[in-house]
């Protein structure tokens, strides 16, 4: 199978390395200097340093060439751009005059200005593209790059997209499950990042494992309430792309969103944290969108509201936690 991966950040690079072990894989980035470095060293020293990439993996800064590779009859196109760049990439794909027949995306979050999920952005920008889906689940790029075991879910209303994605990714240490709840999978992948900031704050304040467990459990309830209101199915949120991804992102030390919370608890400013991080922390980008959607649906999301208060309203982390503890008692 031919596979084109659009986006050479940490996640796109790790997935391309996995795919290249079995398939004819081309990794694209618009940054010619990044591509030149990949071609010279077979390592993404900018986003995934220390991980050797397969010799068979090819690289290109020409989007047209990458799209042609991913548009072959036996091909799959993987969009690994962040949500913030998804619409721009779709514009570029359309302008290139080559939209692959089968597309799967791996970005997580809501578009900041519109509060749209990735599938809604793609439907608006590439309406002719019908065989598409989302690949998501509990996964750190570095561990995938190290070929450590991982389980992911592809969700699509297209059986052909599910089967093609399964054929592309299900090998080696990667196990793929299939489903059709695109909305549920995307909401889980977005909201868990916000909740991971909350658990990072709690851990950074030294509030203990009991508090962490409470935040994860009640955070899952928030995720499920919003997801069902937006059209997802409740059972999706107890699976890999909901609870599984939440546990990993909230507790794993490789989590950028958890790191943001830890650093906020230590008294650092958000600008300083993001500047030092050097990578996208999607929880920061989409927290306000999550809260706005919850309010539009009249859904109570107190943990998400507390995170937004710390991120954007100058509320001290410890005061935000105190506010959660002072909430009126209620039935679970």
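Counting starts with 1 at the first residue shown.
Backbone N, Cα and C atoms are what each Cβ position is placed from, and that goes for glycine too.
Site annotation for NADPH in Swiss-Prot covers 11, 30, 108, 256, 280, 282, and the matching candidate from 75, 81, 141, 229 is 141.
In the three-state DSSP assignment, the secondary structure recorded for residue 30 (NADPH binding site) is coil. Sparsest Cβ environment among the binding-site residues 30, 108, 192, 256 (other Cβ atoms counted within 10 Å): 30. Rounded to a whole number, the C-alpha distance linking residue 245 (sn-glycerol 3-phosphate binding site) with residue 30 (NADPH binding site) is 29 angstrom. Working note on the binding-site residues 245, 282: by count of other C-beta atoms within 10 Å of each C-beta, 245 ranks first.
In this structure, of the binding-site residues 139, 257, the smallest number of CB atoms within 10 A of the CB marks 139.
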